[in-house]
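This report concerns only the one structure given below.
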Ligand SMILES: Nc1ncnc2c1ncn2[C@@H]1O[C@H](COP(=O)(O)OP(=O)(O)OP(=O)(O)O)[C@@H](O)[C@H]1O
C-alpha cells in the first residue's frame with residue numbers, strides 16, 4: 001500500500017451539502033460538519049435514517065460535490081481532484097452489486113486491475129481473499145447466482161482489492177449470517193491493526209460494530225451530535241450498567257431489599273413476574289453486586305444477568321436535536337466555495353468539533369509510527385471550540401505522465417470491455433435474434449414482396465437497411481437498457497468510485513456492443529450474395545463505416561438510458577425510436593422515391609447516411625457522396641459521444 005501522506009486519512013471542514021426538496025425548500029443533508037479521521041482507525045458513522053451518513057461518505061469519495069466546505073482524503077482535496085482520490089479509496093455501497101453477471105473470481109480480479117494492481121498482484125490478492133472469505137467453493141460461479149449473503153461477501157472482497165488506504169463500508173454486514181458477520185468484523189479489525197488501513201464504517205448494527213470501532217460519530221439532521229471513542233461516549237452520556245434479576249419461583253423483592261438496591265441504582269419491574277431491572281452508573285457495579293449477594297442472597301435468586309453499557313445503549317440514549325422546520329426557499333448556494341472563503345460556517349455542536357485539527361495528538365504522529373501506537377485513546381474535548389475557518393493543509397497531487405495515463409486508460413478499457421463481453425453470455429439469445437436472424441429475415445422477406453425488389457439495386461437497399469436496423473436495435477435499445485439496469489441496481493456509483501475515467505467506461509461499453517452488431521451486418525450482405533448471386537466488393541471502407549454508423553446510435557442509447565429512470569419506459573422509448581428511425585430513413589427504398597416530408601426527415605438521420613455509405617462500400621463507388629456520408633457520420637459520432645458523456649450520471653451531482 002502506497003501512502004500518499006502522513007496527515008489524517010480524512011479531514012472534513014465546515015462541510016455543507018444542501019438539496020432542493022420538491023417544494024423548493026432547502027434540505028441540508030450535511031450541515032457544517034468538521035472532524036478528522038486519523039489513519040489506521042476504524043471510524044463508525046451512526047445515525048438514524050436520513051441523518052446524512054450516505055451523503056457524507058459519497059462526498060468523501062468525490063461522488064457528490066459539497067455545497068460548501070472542504071474534504072481532504074489521504075492528503076488529496078476531494079473537490080479539486082475527485083479522480084485522484086479514487087485510486088486510494090475502496091467503497092462498499094449499501095446496495096447494488098457490481099460485476100454481478102461475471103464469476104466471483106473475475107469480479108475480484110477485474111476490480112484489482114481497475115484499481116491499478118499489476119496482473120500478478122491482482123491474481124495473488126484474489127486468491128488470498130477467496131481463501132480469507134471462504135469463497136473457494138463459489139469462486140467460479142456467477143455472482144448473481146450466489147445467495148444474498150455470499151454476494152455481499154464478494155462485494156466486500158472487491159472493496160479490499162488493491163489494498164486501498166481508506167475503505168468506506170456502507171452497511172457491510174447486511175444479509176450476512178452470524179458466522180460471516182464475525183468474519184467481516186475480524187477482517188475490518190485486522191486491516192486497521194496490521195495494515196494501517198483507515199476504515200469508515202456506516203452501519204445501524206451498533207452492537208456488533210462496537211467491537212471493531214476506535215471512534216464514533218453519531219449524526220442527526222445532517223449534524224454530528226456526538227463524537228468520541230466508545231468509552232468517552234459512554235462516560236459523556238452517562239450510559240448505565242444493567243442488572244436483570246429473577247427472584248426464585250416468581251416471588252417479589254421485599255421492600256427493604258428493593259430500597260437497598262434503590263440506594264445504588266434505579267429499580268424497575270421487569271417484563272415478567274418476579275423479574276426486576278436495576279440500572280446504575282458503571283462505577284457502582286461493585287456495590288450493586290454486593291447488595292445482591294449479601295442483602296438479597298443468592299438463594300433467593302433464580303437467575304441474574306449483568307451487562308455493562310453498550311455502544312447501542314449510548315446511541316439509543318442520545319437525544320436527537322430537533323431538526324427544525326425546513327428553511328424557506330432561498331437562492332441556491334454556490335456550487336463549491338473555495339476553502340479560504342471568508343464566509344462563516346453554520347454553528348456546530350460542541351461534540352462535533354472534538355475532532356478538529358490539533359485536538360488529537362496522534363494526528364501528528366511521526367512517519368513510521370505504527371497504527372497500533374497511533375491508536376491511543378482520544379482525549380475528549382470538554383470545552384466548546386469554534387469551528388476552524390482556516391484552509392486545510394495544502395494537498396499533495398502526484399503528477400502522472402501521459403504514458404501512465406494512457407496505460408491506465410488501456411487497462412480500464414480492457415477489463416471493462418471483458419466484463420461487458422462476459423455479460424453478453426446472459427443475453428445471447430436476444431443478440432442472436434436481433435443481430436443475426438432479424439437482418440436475414442428482412443432480406444429474405446422483403447425480397448419476396450413484389451417483383452421489383454429482386455433487382456440488384458433493391459437488394460442492396462434491403463441489405464444495407466437490415467444491417468442498420470440491426471445496429472439500431474442492438475445499439476440503441478440494448479445499450480439504453482443496460483445503462484438503465486446498472487443505474488437501477490445502484491452499481492453506477494460503484495463504477496464511478498473506481499479510479500477509471502468515464503470515457504473508459506463509455507468506450508468499453510460501446511465497443512463491446514459494436515462487436516456484437518458485426519454479425520448482423522455481415523450476414524445481411526452475405527445473404528444477398530449467397531441467395532441472389534450478387535457480386536459484392538466488400539470494400540475495406542466498411543471497417544470504419546460500420547462503427548461510424550453504430551456510434552451515434554450507441555451514444556443515443558446511452559443518453560436515453562442515463563436520462564430515464566424507469567427501465568420499462570426506456571424499452572418503450574427505444575423501440576419507438578428505432579421504429580421512427582427506420583420509418584424516416586430511406587434504408588429499404590431509394591430516397592428519391594420517398595414523399596418530400598420523409599425525405600427531409602431522412603436528411604437529419606445518421607442512419608440514412610450509414611445505409612448510403614454501406615451501399616457505396618459494397619458497390620465500390622467511393623465518390624463525393626460517400627465522402628459526405630462519412631463526414632456526416634463522423635460529426636454525428638463525435639457530437640453524440642460528447643452528449644452521452646455529459647448525460648451519463650457518473651457523479652451523483
Ligand atoms: N439526491 C437527493 N436529493 C434530495 N434530497 C436528498 C438527496 N440525497 C439525500 N437527500 C436527503 O438528504 C438527507 C440525508 O440523506 P442520506 O441518504 O445521506 O441519509 P442516511 O443517513 O444515509 O440515511 P439511511 O441510513 O437511511 O441510508 C435525507 O433527508 C434525504 O432525503
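Here, residue 1 is simply the first one shown, and the rest follow in order.
Each Cβ is built from the backbone N, Cα and C atoms, and glycine gets one as well.
What TrEMBL records for 325-340 is compositional bias 'Basic and acidic residues'. Here TrEMBL flags 352-384 as compositional bias 'Low complexity'. If you look up TrEMBL, you'll see 10-246 marked as domain 'ABC transporter'. Per TrEMBL, region 'Disordered' is recorded for 317-399. What TrEMBL lists as transmembrane segment is 428-447, 459-483, 503-531, 543-564, 570-589, 626-644.
Against the transmembrane segment (570-589), the recorded stretches 428-447, 459-483, 543-564, 626-644 differ in Cβ pairs under 8 Å, and the greatest number is found for 459-483.
Counting C-beta pairs under 8 angstroms (sequence separation of 6 or more), the transmembrane segment (543-564) reaches the transmembrane segment (459-483) with 3 or more such pairs.
The transmembrane segment (428-447) shares the most Cβ pairs under 8 Å with 459-483, out of the stretches 459-483, 503-531, 626-644. Cβ atoms under 8 Å from those of the transmembrane segment (459-483) belong to residues 423, 427, 430-431, 434-435, 438-440, 442-443, 446-447, 453, 509-510, 513-514, 516-517, 520-521, 524-525, 527-528, 532, 534, 546, 549-550, 553-554, 556-558, 560-562, 564, 567, 570-571, 573-575, 577-578, 581-582, 585-590, 607, 610-612, 614-615, 618-619, 648 of the same chain, restricted to positions at least 6 beyond its ends. Per-residue pLDDT, averaged across the domain 'ABC transporter' (10-246), gives 89.
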